[in-house]
Structure formats: C-alpha cells, structure tokens
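Per TrEMBL, transmembrane segment is recorded for B:6-22, B:65-87, B:107-128, B:149-167, B:179-199, B:211-229. Under the heading domain '4Fe-4S ferredoxin-type', TrEMBL lists B:291-321, B:355-387.
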Ligand code: SF4
Ligand code: SF4
C-alpha cells in the first residue's frame, strides 16, 4: 500500500469554519473513497495538490455518489435525487471549480449537473496534472525514473470519446520521457475496459470472453512495463486482466496520478 | 408525341408513388416523442456538410470510403444528366444541352469516367459482400432481406451505368453516321470502346439508343421508389439525420424533465410541478422514443461499423447496435402497416422491448459510445438502449439482481457499494 499521508486533507467544512475558500474542490468519488486500490490514487492526487501548494478541499463525509451508475443503469429518479442533493451541498459551499478523480464523476458533474442547477468549472485530474506540468509546477524529477520505460495508455470511454479528452493524460506521460506505445485501438477508436454503463456492478452477459480480457490482451501486445489508467473502474478491470494473464509480476497498472506522484518523489 | 406523353405519365406516377411512400415514413417517424433539435443551426449545418456531404467519418476505413465516394459522386453528378434526360423526355428534344459546346463535352466526358468508376466500385462491393464475405456484413440481424437488399442495389447500379454507357456509345456512333436528330454533341472517352459491340445499321443503333435511354430513366425512377423499402434510404436521410444529430458531448445523457419535476417536489414540498404530460418513463415501444431515434432507424445503412467496434459484440455477447437500429425500424414498419390496414397499430400486444430487443441485449451495453463514434452518419443506438433500460428499471423494476442491489446501496448509503457513509473519508486517515 502506498505510503499514508503526512499531511491533513482539508475538508470544506473546516475551511468554511476558518472563513477560507479553496481554489478548487477535489471530488473524490465512490471508488476513490472506498476501493482500496483507488484510494491510493486518491491519496496521490492529494499529494500532488499539496506539493504544488494549490489550495484545495474535499467534501469528506458530505460527499455522496454522483448518481452516474444509477443513470447509466436507467434509474433517472435515483440519479436526479443524488444530483440535486449534491448540487445543494456544492452550491451551499459556493463551489466554483472542481477536479475529479474519476471520468464518470467528471462527465456527470460537467455535463449533466448544469441542467439541474449545478454549474461548475470541472476538470479531470489528468487535465489538472497537464496544467501543472505546463506551468512548470510538476517536473517529473526527484522520484522514480520512467525514462525510456514502455508505457501504454488506456483511454477511458467517459474521458476520451465521452468528452474528447485525449491529450492531457498523454502529455503527463510524455513529460516522463517515457516511451509511449499506443494500442491498436486507442483514442476515438479505444476499446472499453468493460466496466462502464453500470457493468462494474454486475456479472457480464454470456459471450466468448470478458471485455477486460480482450482489452488486456491488446495492451500486452505492446509489451509494456506499465499500463497507464486514469479511471478507477478501468484500474480494476485492467488489474484483474493482468492478474488473469499471470502478468502482474511484469506489468504494473498505474493511474496517471500515481505515476506523476512517483516521478516527482511524492 | 406518344413517347412524350408516356414519359410524362411515368414521371408523374413515379413521383406520386414516391411521395406517397415518403409520407408514410414521415408518419411513422411521427410516432416518436418531441425533442427540440432546432438550436445552433450553424453548427448543425456544418455538421451536415462535413459528415453527410463531405463524408468525413467514412475515412476511418479508407478503402470502402474511396469506393463509396465514387458511387456517391456518381449519384450526385450523374443526376445533373438526368435533368437533360427529363427535358428531352418531356419536349421530345435530343441532348438539349448539346449547344453548350466544349462545356458539354467536358460534362459528358467526366460522367463517363464516373460511370465507369461507379461500375467498378459496385462490382468490388459485390465481391466484398458475396465472395470475400467481410465479417462486418454478417451477424444475426443480417438475415436474407438485408443481404439481398444490398445486392439488389449494387446490381441495379451496375445495370444503370451499363445502360448509360451503351446509350452514349450508340449515340456517338449515330452522330458519326450523321443520323438526323442525333446532333453532334458530347465527348465519349469511355463508351467509344463499346462501338465494336454495336450494330452498324442506323436502325439497329436507334433501337439500342432508345432502349438504353428508357431503361436508364425508368431504372432511376424504379430505384427512387425502391428507396423507402431499403437501407438505401440513407442517400436521402443522411442529410437531415446529420443535421439533427446530437451535438452534446457523447458522455452526456439527457436529464428527463418529467423526473426533474417529481424529484423537485419530493425534495421541496412547496414546489408544485407543472401539469405533467402523460407518458412513460423510458421506452417500451417505438412511440416512447424520440422522432430523432426513429429517423436514425430509417437512416441506418446496416453497414455494421457500430457493431464491429462494440465491446459487447466483439466478445460474443448478444448485443449488436446495428440490430437495435434495424429492430426499431422493423417495429415502426410493422405498426405502420397495421395502421394502414386499419389494424391495432401500437396496441397489437407487442412491443419493441422483448418482442424485438431482448433484455440480455440491453444489459450488455457498457455505454462506451464506440457505436456512436463509428457511425458514419451520426446515428445514436445508445440513446435507444438507455431508454429501454429506463423503462425496465423505472416502469417495471426489472433489472438484474446485482443492479438492484447497487441501486439500493446508492439510495441508502450514497455509494454503489455497501459501505457506511461515515467511512467515506477513511482513506485520508493515518492509521
Ligand atoms: S455504447 Fe453500448 S451498444 Fe454502443 S458500442 Fe458501446 S457497448 Fe456497444
Ligand atoms: S447505426 Fe450507423 S454504423 Fe451502425 S449499421 Fe447503422 S449506419 Fe452503420
């Protein structure tokens, strides 16, 4: 397990009590909050925010599911209940800018909340990382070197095709001087990890193989040392796939935030 | 004179029959719910010009894109020539634009090259479908009719182009012989090579020229009237379909207004919802879908680009987005036919879900949007799948047990897993 945090993560409630306002709210998401693997990414995002001195806060226990899985499963009632409750909390704190640790939260808050009264400037954590690299605040120095390592990046559907974010995660990888190898199906032609549309929470329908296996076979064809992800659901599916293929000793599945944190020695 | 009257009669009949059938299609599309797609007209126009007119999305597969482009250019440009045929047919003239001189030569000359191109492209398409048997053109939904539909069209195009070239060949030979009525006009870079196949008598040539002329124009009318029954309707519908396509980010699903009102009323007792229009949540049948979904179904060319990138389909699951579109069209047509016969229409005890599209199909979708990205004419099968799920979940409470558990967890714990909300911040704790 990646090292624990040696700093306090500020919550909105605390900030308001101190009469302060954060520059950006970090929306952690359900997977980022509860899933052990995704928690590591969550902590790494905090380390990055802390390291660059950005004034941020999280909602902590006041956060609730965005409603994305309910919406994709067809339960619009439950989705809108969740959305409106969340919007009330966010608007109550006068939130302007949000960074999310998950493409599903990102898509939902960015695209579906405005119609329900929630208007925020929303970015995904890979976009924040790209901005910080562009501003020279993150340098990929002083930590683990990824120089020359073969890395392949899996586009999450809700970041890529869903919202046309293809460059930011790749930019973060290029900054490492790594060797970025693309899979045959990438960018607009990317292949789903198999978890979207509420599939994460059910057994797949019967077929010849599971989608994550199809995807991991393609990823392994590029003979990578690292498979880069930027979504907690993809993380689960890809890690499971690597394990099923008995490759977990040779290939690491890491989130862009984890890679960036490691490269910066955080 | 007789031929002029005959020509006018055939033309009017063809146009009347076509409008009659198109009206039926429009009636069927009107089964759909209202949805406003009148915003951002400029962006819509640009989308249409790029995607339908410019065929930009075809080029992800360069070989068929190139062949398709030739057939498409042939279709658009040779239709200019149909204008001349129409005038000649009505007024009994011959090559009425012939007076344009060199300009006319260039026009006819380029038509001939295009005709040859279309001929070859269609032949290659036939080979791809029937001899090489590309995987994309198979699948459970590609039953006998969808297969022969494609072949009929390709063969008719080849026949039409053959007639066009023989028509020109006979004409130019007659011109060279100085036959009266056959004025010197046009350049014939391709059809001249057919001269040896033709008789050398004036009478024989005139028979061939007239036969090809009639075959060509009647063939075009027949083709036109075949469209409403065929996937080739896309040559017309691709334009409105791209114009009215979804411009929002692909990841964004619609927020159902009817639900918003109810949720607002639940959260805030003082909120009085506006008079709600009756209707169901989600879609059970075609009338619960929007007219855009239904127009999509008439526009689908059954090319299978969506299905070939669908992760569920790739891994052997039942779902095929192309089938979703074909089923929607089939159901619409069934309802329409029933109404035409004074039958029960939508109340025939059947529905799009279950009778056409199974639960297993809709639950296999990962909402990845690969299908909508791949579709060369911006069709959105995912919107239909989502609405069918909405019906299954909100109207029937029939979702897979694990989905139900997930929904229950969100409702009770604010997370799709069974964890306590109080533990949500534990990731930050140092312990
Ligand atoms: S959105 Fe659904 S139907 Fe479309 S490609 Fe993805 S899984 Fe298949
Ligand atoms: S929906 Fe689009 S991609 Fe799929 S078969 Fe129809 S036209 Fe082709």
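Using N, Cα and C of the backbone, Cβ positions are placed for all residues, glycine too.
With DSSP classes pooled into helix, strand and coil, the tally for the domain '4Fe-4S ferredoxin-type' (B:291-321) is 19 helix, 0 strand, 12 coil. By the count of Cβ pairs under 8 Å, the stretch nearest in packing to the transmembrane segment (B:211-229) among B:6-22, B:149-167, B:179-199 is B:149-167. Counting Cβ pairs closer than 8 Å and at least 6 residues apart in sequence, the transmembrane segment (B:179-199) and the transmembrane segment (B:107-128) reach three or more and so form a contact. When the domain '4Fe-4S ferredoxin-type' (B:355-387) is classified with DSSP, helix, strand and coil residues number 18 helix, 1 strand, 14 coil. Sequence-distant contacts of the transmembrane segment (B:149-167) (same chain, six or more residues past either end, CB-CB distance under 8 Å): 71, 74, 78, 81, 111-112, 115-116, 118-119, 122-123, 125-126, 129-130, 137, 190-191, 194, 198, 208-209, 212-213, 215-216, 219-220, 222-223, 226, 230-232, 302. Mean per-residue pLDDT, taken over the domain '4Fe-4S ferredoxin-type' (B:355-387), amounts to 98.
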